[in-house]
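Feature annotations, reproduced from TrEMBL:
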DISULFID  380-390  disulfide bond
DISULFID  398-407  disulfide bond
DOMAIN    9-189  domain 'VWFD'
DOMAIN    376-408  domain 'EGF-like'
């Protein structure tokens, strides 16, 4: 038996974004906005696409969205509607295959995607940092912004048509290569959901089980089986993050685009903001007046803030690349906005580097080989430093007024409703209008939440008491609120405000929602108008010709009135017409012409 042990292949796109390809010796920068293929492996229908938009001072671009596809596992992590606000949604196109696992941190800033092939995708900082890891059997099959993974550093800049640009000598901006991997329209996984594929055509089948023999701490052995090819993984993609795989439901239109929950309409095409090409000849100091020496000191401090700096300080190339990225951000981006990202990225790359050393693993109580807790589980996310301090075992201790695992939840604000998915109103003549779907932030999605529904009049004055219903998470960032019974009351128009709370006391912001009956009302965003084709009586709609159920002598007759009942004559009486004859004036009177007076 010949055994050849090969490590996995890793690629990262971080910051604005700086790319470290599979075989690259130097970083290269993507200062462009648009949709791009980060990695494609056609032999097994695997692809990762990114979407970038302007960031920093607007002269550079950052990742705001990521779509991962492995056969029929199509997973989108998207924060492009409000970039870099931490408001990131996650959706899937089809039911996920067995063995596919998705994690999301409770604050929504970190994601981990573990695919059936053993490929892993790590997403940090609310979607701006991307780390891709693919198994050894993919050697030589990769293409895209991550370059080739064949061990040849000179052919990393390979175009889709096979053309090869010269490799970088030092950090560079290979525009021709970068542009060759731009996609749009039907080729963008952000715009169009791909048709499902026949999974039996690929090198592995979902029915196959892969097993390993694990040695438990008590000396006994156990067999662990999974549909994933790499049964034991480092699980560094999202340490200590809850698994949210079962919370995700498909949201797409076949052959079209992604849709919002509760609708069947594809999302509108994304409009990419323009961004000018970066001046590659830009010199120090930057637009803020920061000199290169000052920037280098700032960057060194950002790297040294990492909890794992001491463990990785001997990886000089890792430190050099982090400082180089930081200098590029400050010079070209004209800002120090990305410093927290530098710390976070260095920590993530350090963990990936340490994960390749078998000495950094221990055996847990179940016999699994896991990374030492002090290298993984006990590391606080970089976001903790904003409003907290990292304590023992990776516990983030929050400042007053802040809470959550990374202290990013403002206690006094309550849950923040971002937007109602779909229309801001619902027509009961067309649908049931019993649920509304809302994107939400400033929450821990593991908490139980309540929806507060308050009926209001057209002036916004409250009607009755607030009604509390349980909020149901249909994804880690979207809740479903159930409306109070509406159809039973038959009312033609009701206006609501909706808010959310985790304790029933502190409620966050309010959003407005309208429920109406399109039988007699035509409602737009601002107001509702009565239709001439039906009756609107006492806030209830009646179709033309409807007889009032409480009085058979009343009917909706729009030719007479559309706002009141029309009486029905049960016994009509036909009266003889009255004949009026002309009469002569009296003999002593004469007819005189009319006289008109006009004021002068």
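Glycine residues also receive a Cβ, built from the backbone N, Cα and C atoms like all the rest.
Between the CA atoms of residue 407 (disulfide bond) and residue 380 (disulfide bond) there is a gap of 11 Å. The number of other CB atoms found within 10 A of the CB of residue 407 (disulfide bond), across every protein chain shown, is 23. Across the structure, residue 398 (disulfide bond) and residue 390 (disulfide bond) are spaced 9 Å apart at their Cα atoms. Mean model confidence of the domain 'EGF-like' (376-408) amounts to 90 (pLDDT, 0 to 100 scale). Sequence-distant contacts of residue 380 (disulfide bond), defined as residues of its own chain at least six apart whose C-beta falls under 8 angstroms from its C-beta, comprise 307, 390, 394, 395, 396, 406. Counting residues per DSSP class in helix, strand and coil order gives 7 helix, 8 strand, 18 coil for the domain 'EGF-like' (376-408).
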